[in-house]
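Some features that TrEMBL has for this protein:
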BINDING   117, 121, 124  [4Fe-4S] cluster binding site
DOMAIN    103-326  domain 'Radical SAM core'
MOD_RES   329  N6-(pyridoxal phosphate)lysine
Ligand SMILES: *Cc1c(COP(=O)(O)O)cnc(C)c1O
Ligand code: SF4
């Protein structure tokens, strides 16, 4: 958009001033057609529109196919039913051990401290997940601690979402301190889309919290397109990488958003500018309402093969799918040689 009014604004102010009205979003982008609007209003009844103004500033005006807009604008196609697209594609409701806890993978353990996200991504596999019933309260720490002690194989805790960086630094610090008190834990990982949609979230307190922890701290950001990473975002990410915090990126392969080797390669190079390592490229989870982002297996394989040819190995994200009940994310490219 024209001027950056919001990007450097305090992140809490931004979080309390999200765009949630489809009409306002479309007007800001000069896209007030009745068809887009009525579809957006209907689809937002199932999963609300939610987008920070700093992210809208990264979109092109008057472009209904802007790749950032497509990820957040509710669309009438979400209301279609499609075989195989279900509300809980990963069977997470089963894997729930304690409030807020998902332990599916041997050495790592997922902790959800909040159900809130700064942005609602239309393709999200958790769009139907009943978060609110399932968050740990302060007193649940005793049970979580006991669970970790009973599973000494766990050496990494992943704060996931909702989006953990919507929490205050104070609340994060409290949980980091609790986790640090367990010698078995070596790594603290945070999965968040906030550094992309509200880059000012990477503030001094957060940087020092991550830098000073006894644990190895890893931030996994979630960016799907190079236009999401403007110069300000790059500078903010540098604040972490220059303090030796490891920053990785995961993306989702989305029809209409980043479905070409050219786009994905551009994203990888942009991540390199920000000193962020491409980690995963997920194929879409078959969640109800996201069918219009789905790509045929043939095109996925074609895109990825071309991506491998274009990029040095260290810039190629691993193509994976998450399959309910598997012990790890399933790699989709190449076969083991033994
Ligand atoms: C993806 C995921 C992890 C972490 O997997 P990595 O392959 O280590 O990135 C852990 N727990 C759950 C439930 C996950 O979905
Ligand atoms: S959990 Fe992540 S992908 Fe899903 S809506 Fe929140 S920010 Fe988007």
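Backbone N, Cα and C atoms are what each Cβ position is placed from, and that goes for glycine too.
A TrEMBL annotation is a machine prediction, not a hand-curated record.
Annotated features taken from TrEMBL, shown on the structure.
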residue: 117; record: [4Fe-4S] cluster binding site; Cβ contacts under 8 Å, 6 or more apart: 50, 124, 161, 162, 163, 166, 193
residue: 121; record: [4Fe-4S] cluster binding site; Cβ contacts under 8 Å, 6 or more apart: 71, 72, 193
residue: 329; record: N6-(pyridoxal phosphate)lysine; Cβ contacts under 8 Å, 6 or more apart: 280, 282, 320, 321, 322
Chain-mates of 117, 121, 124 with C-beta within 8 Å of site centroid, [4Fe-4S] cluster:
119, 120, 122, 123, 126, 127, 161, 163, 193
Among the recorded positions 117, 121, 124, 329, which have a Cβ atom lying under 6 Å from any atom of ligand 1?
329
Looking only at the domain 'Radical SAM core' (103-326), what is the mean pLDDT?
95
Give me the count of other Cβ atoms within 10 A of the Cβ belonging to residue 124 ([4Fe-4S] cluster binding site).
20
Quick one: what's DSSP say for residue 124 ([4Fe-4S] cluster binding site), helix, strand or coil?
coil
